Amino acid sequence: LLWDETHFGKMGSYYINRTFFFDVHPPLGKMLIGLAGYLSGYDGTFLFQKPGDKYEHHNYMGMRGFCAFLGSLLVPFAYLIVLELSKSLPAALLTAALLTFDTGCLTLSQYILLDPILMFFIMAAMLSMVKYNSCANRPFSAPWWFWLSLTGINLAGALGVKFVGLFIILQVGWNTISDLWHLLGDLSLSVVTVGKHLTARILCLIVLPLTLYTATYAVHFRVLNKSGPGDGFFSSAFQARLSGNNLHNASIPEHLAYGSVITVKNLRMAIGYLHSHRHLYPEGIGARQQQVNINACFFLADPLDPSFPVEFVRHGDIIRLEHKETSRNLHSHYHEAPLTRKHYQVTGYGINGTGDSNDFWRIEVVNRRFGNRIRVLRSRIRLIHLVTGCVLGSSGKVLPKWGWEQLEVTCTPYLKETLNSIWNVEDHINPKLPNISLDVLQPSFPEILLESHMVMIRGNNGLKPKDNEFTSKPWHWPINYQGLRFSGINDTDFRVYLLGNPVSALCAAWGPGLSQVLLQGGGQLLLGWMLHYFPFFLMGRILYFHHYFPAMLFSSMLTGILWDTLLRLCAWSLASSSLARGVYVVGLLSLLLGTAYSFYLFHPLAYGMVGPLAQDPRSPMAGLKWLESWDF
């Protein structure tokens, strides 16, 4: 078991077991991994706990074999793309050789990872695009429709694996806009014909991909119908869909009334329930009153005399929330919060529900399309402190041991609407009110589709590097400055290290002759490299070397065309045609042999090493640690 197999192999198991989980990537790649495992006899029982664990009797080869098969197709795809763009067989062969002998591609393709699946769809989309471009002189023919439709299908596949698929969508979009611009400028075409071209592209490159992309989520939600580790990341209404969740098939009163016992959940925090306990804030941490934080507990809405008729809580009401177990009120004041500067402390205050004026809150319904009454699961509410005007929320920061390492609850004076300060009522007990089945409150498919994307975006934004955590920078990647350890640290471990072929990286140092390369079809490849590389400089999330490999595919294809063009230019400058041919052939063979020999030297990085580390003269990698930053 190596590196991210602990994640994606486990997620394949979740699909087989139909257990709901959360991931920051769209579902298609994991679904395909799970399907490969299911069809090859894997039963979904391996735990995928940590790198280095043995698979033992578990049948994992179907999942690895599926990823390896898609990874192996990158070579013929690259060959066909370069051949179509450059019309040069040597350039296509050189490109195929660069990818065949790339240790990094080999490493990524032989394990249960999303990368080979993503790269397969990116390259398939690129190949389909250049093929339908080549059919431009035969518009609306069967091949033209085939390649145009296949481009849309592959775009859906790329985006369905990772959001990085947006980059190939941008490339196809730019190609389409350029194509339509030329058609618009062709005065020999009628308006009807141009309209047909536009309609065909809208259907095949927008409607078809969106339909397929949406369909993957329909399958995803249909298959994962059991409660699992991903429940808490989603809203209470979403969780009510999942078999085994305590909200599934539950019956509770629909609208909140005074005197109800309720559970209040924060929309931003997984398993984030408003909570209190008898422990006080320590000396020096605001007022020494009862702690309020995020965990799980009940609150009691302000009760009235039992003889009074039921009164529903409505938008704009002034309420008091009393903690059921300790009979203290939800309270705030101008003391500073324990961890977050300029936020106010939130406490539990009073005796048997009797406190002071700082116990009152105004309740606001954010999504008022459900009316003024507070609806369980569905109403999104904010609690505005009446005296200070601050908003109840959670900072997401973890309290020290005196706070039992639970999440900090604060009252923020900044009134901007964020998920940290929005809550919903989840559980609800009121004997005076009739119960309804929560099935009627379950969200529609468009609602859960939107919610899942919002959760994924928040998850991606939350992937920040921690202190002393290994990370990588985009400028490292093209020059092979730093690899990525897949498994093992010590000389007794089985060690796999992700590093590109060093000779291939040197060959990709682009130089003169670029204008000629662009004329030979390299423009599309240069654009693809830029789109798949430069956006990472703008990302605040944690990055690793493997993020470069989609861009590396375009770099390899561009390198094949570049060196073929440079060698041709050198050969053409010679007077003798036989000498020119010899220089060209020798140059190509030198590049091929150099790349193959580099692969021979560095292949243990991909296939695994056991024994002394590289700095030991007895190591098979002795003398090959060319950079200090290579950690093998």
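Placement of Cβ uses the backbone N, Cα and C atoms for every residue, glycine included.
Heads up, TrEMBL stuff is auto-annotated, nobody curated it.
Here the domain 'MIR' (310-366) has a mean pLDDT of 88 out of 100. The domain 'MIR' annotation in TrEMBL covers 310-366 (among others).
Here TrEMBL flags 371-428 (among others) as domain 'MIR'. For the domain 'MIR' (371-428), the DSSP counts in helix, strand and coil order read 6 helix, 27 strand, 25 coil.
For the transmembrane segment (20-41), the residues of the chain that approach it from at least six positions outside its boundaries are 7-9, 11-14, 59-63, 65-67, 112, 114, 117-118, 157, 159-163, 213, 216-217, 219-220, 223-231, 233-234, 242, 455-456, 459-460, 463, judged by C-beta separation under 8 angstroms. Annotation source TrEMBL lists transmembrane segment at 20-41 (among others).
Per TrEMBL, transmembrane segment is recorded for 61-82 (among others). Residues 9, 12, 32-33, 36-37, 39-42, 88, 91-93, 95-96, 99-100, 105-106, 108-113, 116-117, 119-120, 123-124, 126-127, 130, 521, 525, 553, 556-557, 560-561 of the same chain sit 6 or more residues outside the transmembrane segment (61-82) yet have a Cβ under 8 Å from a Cβ within it.
If you look at the transmembrane segment (145-174), the same-chain residues 6 or more away from its ends with a CB under 8 A from one of its CBs are 25-29, 114, 117-118, 120-122, 124-126, 128-129, 131-132, 135, 200-201, 204-206, 208-213, 216, 456, 460, 524, 527-528, 531-532, 535, 547, 550. Per TrEMBL, transmembrane segment is recorded for 145-174 (among others).
Feature annotation from TrEMBL assigns transmembrane segment to 198-219 (among others).
As annotated by TrEMBL, transmembrane segment applies to 551-571 (among others).
Sequence annotations record features per position, and here TrEMBL assigns transmembrane segment to 583-602 (among others).
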Other parts of the chain folded back onto the transmembrane segment (551-571), taken as Cβ under 8 Å at six or more residues beyond its ends: 74, 78, 81-82, 85-86, 88, 90-96, 98-99, 102, 104-105, 119, 122-123, 477-478, 500, 504, 507-508, 510-514, 516-517, 520-522, 525-526, 528-529, 532-533, 580-581, 583-584, 587-588, 591
Contacting positions for the transmembrane segment (198-219) when only residues 6+ beyond its ends and CB under 8 Å are counted: 26-28, 31, 140, 145, 148-149, 151-153, 155-157, 159-160, 169, 172-173, 176, 179-180, 445, 449, 452
